[in-house]
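Enquirer: My structure is below; once you've seen it, I'll send some questions.
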């Protein structure tokens, strides 16, 4: 009888492992297909290339797609875990959700951590070096020579990074155990290195997210149709049509020898056509789209941003009075045993919305920073090297998103797998400083955003607008006379 029970337990464990592997494969396959379509939408359409370059580009494309799929999985990790916990609480004995259990969720967290390390330290460096390699001098040109050069570059890069990490760990901890841990690569150095990368990702999120939260209002304003208050769209369309016709006549009258003027006029004509298209779209929009959707979206963004800042402020107070508020504090009751949100399913849904909102804001803020402005992908005109850089950046941001969400108190869901083992998560001063900086910087960015109009008027009243300050430089560019002599006041 005991032998039959043992066999039955082994069979059940085997079926459970097969089921979890199948679910993980299907989820990743869906993310991979979506990521492939996203990258091919932005990737520059390559010209006729040699077979060797085509193979290299194809391999780099597959590796970049894999990395972007892992990034999407890391973003969905925390929301999927939160909603799974609430579903297991609401339907504990339901036959159709038996596949959803703690073992599956723990497995997803472990796979996300493993693949993030693999992409960050192996696949993306390999894709970059493979794309830039030409083979060592003296060797026969071909795929093998490029692979050999890539592997040598990866080996040198690994030695350099491990040396830097070993020196940093030895400086931080002078204990003999830290010196001897050089021989324990898997147990110490890779987790320590990923902990450093996670901290850098959280610092990058700390820089990008507040900027993105304030920038989201501008981005949504560009995507939506604004209300036409005290505006005559017909007159504006008539003026822009005259300007378009004037530019077209000037282009037809210029000779082909004046190449510089032709290119300048073509660019000006393209800008005028774009502006005309936007005005026509605003004119064709329905009344409810103009007068209801835009204000509702702006109010929704303001509410989400305010709730995020309030949650961070509450988390700061909890950190000061309760040590269990630390991200690396005591372990929770486990998945499916208790709700981690005060308001149950509604609170969990709000947490998921805020997590996605913070991720979108961080991406918007990342591409809004001047230092990363050249990284912005363009449709059908993004080189493979730039795609690799974008995939690495998105991977760093998405891998740090669960850590940032837990550190800021957006959710109380415990970090699973290697995400909850970072040493700096147990440092009270680092966590408290992170929360304070996020709240202060976000508040300052929002105040700067909503007081920009008043500030510009004060600058003009005091005569400071002539100093070419950052806020007034954009206005001066938009008010610059166009090529045909008309002032662009639209």
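Positions of Cβ are set from backbone N, Cα and C atoms, glycine also.
Pasting the relevant annotations from Swiss-Prot:
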- 250-287: coiled coil (COILED)
- 1-19: topological domain 'Extracellular' (TOPO_DOM)
- 41-62: topological domain 'Cytoplasmic' (TOPO_DOM)
- 84-110: topological domain 'Extracellular' (TOPO_DOM)
- 132-151: topological domain 'Cytoplasmic' (TOPO_DOM)
- 173-187: topological domain 'Extracellular' (TOPO_DOM)
- 209-291: topological domain 'Cytoplasmic' (TOPO_DOM)
- 313-339: topological domain 'Extracellular' (TOPO_DOM)
- 361-383: topological domain 'Cytoplasmic' (TOPO_DOM)
- 405-426: topological domain 'Extracellular' (TOPO_DOM)
- 448-490: topological domain 'Cytoplasmic' (TOPO_DOM)
- 20-40: transmembrane segment (TRANSMEM)
- 63-83: transmembrane segment (TRANSMEM)
- 111-131: transmembrane segment (TRANSMEM)
- 152-172: transmembrane segment (TRANSMEM)
- 188-208: transmembrane segment (TRANSMEM)
- 292-312: transmembrane segment (TRANSMEM)
- 340-360: transmembrane segment (TRANSMEM)
- 384-404: transmembrane segment (TRANSMEM)
- 427-447: transmembrane segment (TRANSMEM)
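Tell me about the surroundings of these features in the structure.
Expert: In the topological domain 'Extracellular' (84-110), helix, strand and coil residues by DSSP number 19 helix, 0 strand, 8 coil.
Over the topological domain 'Cytoplasmic' (132-151) the predicted model carries a mean pLDDT of 80.
When the topological domain 'Cytoplasmic' (361-383) is classified with DSSP, helix, strand and coil residues number 14 helix, 1 strand, 8 coil.
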Enquirer: Okay, the transmembrane segment (111-131) and the transmembrane segment (384-404): do they have at least three CB pairs under 8 Å, pairs separated by 6 or more?
Expert: yes
Enquirer: Would you mind splitting the topological domain 'Cytoplasmic' (132-151) into helix, strand and coil residue counts from DSSP?
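Expert: Going through the topological domain 'Cytoplasmic' (132-151) residue by residue, I get 10 helix, 0 strand, 10 coil.
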Enquirer: Which stretch from 63-83, 111-131, 292-312, 340-360 shares the most C-beta pairs under 8 Å with the transmembrane segment (427-447)?
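Expert: Top-ranked stretch among 63-83, 111-131, 292-312, 340-360: 292-312.
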